[in-house]
Amino acid sequence: MMVESESIRSTPTSQNGVGSLPNQSDSCVGREGSGSGETNGELNPAELLHFQQQQALQMARQLLLQQATCLNSPSTDNKQPSVQVPVSVAMMSPQMITPQQMQQILSPAQLQAVLQQQQALMLQQLQEYYKKQQEQLHLQLLSQQQAGKQQPKELALGNKQLAFQQQLLQMQQLQQQHLINLQRQNLVGLQSGQGPVPMQSLPQVSPSDLHQLLKEMSSSQEESSKQDTVDLMTSITTSFPTTKVSPPTMHPSLSNGQNTRRESTSHYESSHLLYGHGECRWPGCEALCEDMGQFIKHLNTEHALDDRSTAQCRVQMQVVQQLEIQLAKESERLQAMMTHLHMRPSEPKPFSQPLNLVSSASNNKMSHDTFPDGLPQPPTSATAPITPLRQGTSVISSSSLPSVGPVRRRIVDKFCTPISSELAQNHEFYKNAEVRPPFTYASLIRQAILETPDRQLTLNEIYNWFTRMFAYFRRNTATWKNAVRHNLSLHKCFVRVENVKGAVWTVDELEYQKRRPPKMTGSPTLVKNMISGLGYSALNASYQAALAESSFPLLNSPPLHNSSGSVLHGGHDDVTSTGEPGNSNGSSPRLSPQYSQSIHVKEEPAEDDVRPASISAPTNQTTVLPEDRDLESESPMEDLP
């Protein structure tokens, strides 16, 4: 308002004492004008008339002071206009001063300048107003096009709203033109302090009519804004559950029936997730719809935005959440299964049948004849059985193997589950999973030959059996074939026979059973101390007392050596020898008479290239190595762990 105090002229105001008076008076007028603009809607007609008279008197005094200032201050600028009119006079409204008063106060040139200023200001305001209206309409159209979720009813409502806004703009334009004409006739002026949106009225309109007109205009604007807000909230509330149900897919149709405008009906039909194969896929609704138009009509009528559709949407959200939880659980279960299958368990399977080391020679001989393949032998005496052999042998292996990591499966595991039963139980696993089988090449070759009806295979047939039974050999480099040929030529249990088919390989079971790992011999006291020191705490008292005695008549016979070796070694066929070849003296694997008071105790081998840790023994302890035919020196790089 302080800007209105300055007069519109090109030359600066003189700096004498008289020139400061109009500024003060103008500032007072501006403050009073602003006050009047603020309180105009609250004054009664009598107070308003009195206020207008005071404004006219102040205007007259201001005009006189302005003229006096112009006369007293000499002009030095050639561009000084001949007519000077203060802005406050140009901004005076008809309620403040009547045309008669203006004619009495102002000269004709000043009146013309006031009219020109009013017209220029009004044109500027009209341009700004129309520009803002166009921007608002453009934003509304863009928002509707981007949303693309208007139904025909809502589109018709939007068209009506646009038509109403256009009519309102036309009425405002006509009103502005009428006001300009009236201003040219020197009847009305522009209201001071008016905003960019002019709402003018005729001077003859009473204050009550003006108030009613303003109320109607504000109510219409509120209704339009409320409608826009309702549309926006509807789009938000309907799009939220759809996005919650299926986040990665943008639904072309929302739960309240709103659909996007597509370029082609076929593309819209193919991408609509609630319509397929001629029926509605809304949960719980299987209504038949012949075409897309009928489906859209059904969707808008039966599945509109109501309580039932909202409840169904919430139920669908809960269903999806439950499925996500179930999927997470199943994924964790699958991960645990994969981890278990790819990592061998730390503890082997428990042994089911207890064994006896003390038995008669005849029973041992019969058992050895009955179980030629080294299978577990049942107990043959009524003596108390020992604890499962797995525990004691595991202790021996752990004492002789300080290293950790992927190691050869222990003989006790093979003793509990022979290779035939192992392959039968885990046939599908080895066939599909790329896991290295825990058996030596010799045992696998023997198993391949025994599975054939005629007990003979060619070299290519052995290769095919390896690749057919194990995914590991099928998917890795075929360097393992060298190890197969090496084992076939090394071990005397594999016999090469020439027949009609060519060269075939067979297996000699008796020769195969003679294959034994390095054995340790010692006195019975050593055996007792070693077994008790290595964890045989669960041995019963009768067995410990039997070991403490000096004479073992039942342990001296050769069949018992085989039986005890079968028990301690598990009768298994594939243990790699780690003894040094230089120590072999070509003696028979049976013990000489001077070692008749000793028994055989198996030393668990470590990796193929690592010698086992020796166990301390008395001076009479002697290690006897079998002959060369018992050695199973496979290729170090190709030996199975």
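Backbone N, Cα and C atoms are what each Cβ position is placed from, and that goes for glycine too.
Between the listed ranges 56-77, 100-121, 320-341, 540-561, Swiss-Prot ties the annotation region 'Leucine-zipper' to 320-341. Taken as a whole, the region 'Leucine-zipper' (320-341) shows an average pLDDT of 93 in this prediction.
Each residue of the region 'Leucine-zipper' (320-341) gets a DSSP state, and the totals for helix, strand and coil are 22 helix, 0 strand, 0 coil.
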